[in-house]
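Chemist: Below you'll find the structure I mean.
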C-alpha cells in the first residue's frame, strides 16, 4: 500500500515537473570534515544541487554518488543537499568520487574529487602456544578485520630484550588474516612475535605499526652434552680408554635425541635409545686427538669437544728392504726394527700372510713375490704395525712376436693391424712400434695380451716391435715384419704415338697406360661400338702398346682402353675416348687423280664417238629410203649395215645399171630425230 502511494506521488511530481519549466544551475560535492581523513574517522560526502523552476514547490530529483565510476549510493530528493555517510573511513574507501543529479531528461555531473584515507588500523596477533620445546613449531595468526583484502602481512620473531629479528616472514593474503609457522631453534629462549599489516592505496602501500604478541617461553629439549674420560689422568698405550658423552633430556620429550662421538671427522660411537654414548678402546698413540660429541634431533644440534692425549709406549716399527724393485733371481732382504731397540715380538708379513716371526727375512725373488709388505712389533697387549712397503719383482720379457691381421694381400690405403706380444714378462709392458725404422706409436699394456697398432701403408713397409718393462735388462726387439702393398689401377689413359691423324699405309701405334698399379696389369683395347676388345695384353708394367702395320680407312674411328689388376676395387677402369683419323698419301692422291682424269677422258671420248656415229646414221637414213629396193643377195638373215657397202653398190655398173637421184637431207636435232625414227 505504501509502495503504491510512493509511486503515485512520484508520478504526480513527474507530471507536475513536465508542466513546469526548470533548469539545473550547478552541482558540486563537499567532504566533511575534508577530502583527506584519518583511518577510522567519520566521513560525510555531500552533493549540493541548485535548481531553478517555475513551480511553487521544489521538483523531485534523483541524486547518485559514484566512487571510481561505480555507483555507491542512490537517493530521490527534493532538497538542495544530499549526503552519503561513511561511519568509519578505511583505506578501501579512498578513491575518486563524483555525484550526478537527474531531473526528468536533464542530467548534470560534478567533477571528480580525490578522497584520501591515511593510516591503517592495528592488526591483531595471536600464537597457538605460550610454551614450546626446542625444535617445535609456533603458529602465529595475524589478522585485520576492518580492511578489505588483499592485505599484506609481515611477521617477525624477536628474542625478548633484544632488537635483533631472528626470523621474518612476509605474505599477501586474499583473506583478512594469515597463519604462519615459525620453527623454534636451540638459541631461542623467550620470544615475542610482531605483526604489521599493509593495504595498497592506489600505487602506494600504507602500513600499520607493529603489534606484539604474548610471550612464548622456550624450553630446552636437551642440554649441551658433557664428556667423561677414563682414566681421568695420564693415559698410557695399553690402558683401556673410555670416552662417555651424556646429555639431559626434557621431561616433555617424546623421544631421545641421537648422540654421536667423532674423532676428527670419523664417527666412533653413536646412541639413539639412551641419554649417553660410550667409546671404549685399548689406548694407542693414534687415539690421541680432538673428540666431539654431537646431540641432534630434527633442527636442533648441540656439541662439545675435548682433547685426549695418550703417552706412547714404544714407537711404530720400521720395515727396511734391500730394494723395492728387483729383477727375478735377485735376493730379497727384509728387516724390521723399533727405535730404542726394546724387547719386542716381531713378525714380517706379505699382505695377510706371515712370512717370518723374526726381525729379518731373506729369499731369492720371484715374480709372485711382488706385493705389499709390513712388519709388526708387540710389547704386552700393544701391537704396532709398520707402514706398508711395496715390492716389485720383474721377470725379463721374452722376445716379442710381430704379426698382422691381413688374410689376403694388402691393398694400398686399407687399414691393417700390426700386433706385438711378449708372452712372458712382468706387466706393465711398454710396446713401441717402428715403421721404416722410425718411431710410429707407443702403447703400455697391463697384461701379456697382444697389443695392436693400426696403419694405412701406401707402399711396401717394414715394421718392428720393441718392448720394455721394469726389468733392468735393455729393451727387446722383435723380428722385422715386411708388408707388401699392392696398388690398384689408377687413371687409365690412351694415346697415339704419331698423332691423331695417320697417313694411310703407315704404322699406327696406340699406347694404354696407368698412373699407378701393381703388376701384373691387364690392358684391353676397344674400338667404339664394338663389344669385344681387339687386343688384350697382361704385363708387369704400367703401359702397353698396340701396333698396326698398314693403316687404312678401316682403322679410322674412336678408341679407348681399360686396365685392371688384382687390387682393383671395380672390374676395370676405362680411359677417355681417342679419335683417330686416316688420310691418303700424296702420291696415292695423285694416282687416284690421274686415274679419275683418265676415266673421265675415256668417257668423254666414248661419248663423242657415240655422238658422231649417231649423227652419221642420221644422215644415211633418208638416202636409203629414197632409192628402190635392192634384191637380197643372201638369205633374209643378212642385213646391209655399212654405208660403204651401199655406196659401192651404186658404183657397181657391171652388176646393175640404175638411175638415182641424190637428195640432200638436213641434220635433225637429237630430240626431233628420236621423235621421227622408229
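Placement of Cβ uses the backbone N, Cα and C atoms for every residue, glycine included.
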Chemist: Swiss-Prot tags one of 658-663, 664-669, 670-675 as motif 'ITIM motif' - which one?
Modeler: 658-663
Chemist: Measuring CB to CB from residue 74 (N-linked glycosylation site), give everything in the same chain under 8 Å that is also at least six residues away in sequence.
Modeler: 62, 63, 64, 65
Chemist: Which of these glycosylation sites is closest to residue 540 (N-linked glycosylation site) if you go by CA atoms: 309, 345, 360, 424?
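Modeler: Spatially nearest to residue 540 (N-linked glycosylation site) by Cα position is 424.
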Chemist: Would you identify which of the glycosylation sites 141, 309, 345, 360, 540 has the most other C-beta atoms lying within 10 angstroms of its C-beta?
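Modeler: Most Cβ neighbours within 10 Å: 141.
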Chemist: So how many other Cβ atoms are close to residue 424 (N-linked glycosylation site), meaning within 10 Å of its Cβ?
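Modeler: Its Cβ shell of radius 10 Å holds 11 other Cβ atoms.
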Chemist: According to DSSP, which of helix, strand or coil covers residue 540 (N-linked glycosylation site)?
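Modeler: DSSP assigns residue 540 (N-linked glycosylation site) to coil.
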Chemist: I need the nearest neighbour of residue 424 (N-linked glycosylation site) among the glycosylation sites 141, 309, 345, 360, using C-alpha distances.
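Modeler: So, spelling it out, the nearest of the glycosylation sites is 360.
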Chemist: Reported as an integer number of Å, what is the Cα distance between residue 345 (N-linked glycosylation site) and residue 360 (N-linked glycosylation site)?
Modeler: 12
Chemist: Please classify the secondary structure at residue 424 (N-linked glycosylation site) using three-state DSSP.
Modeler: coil
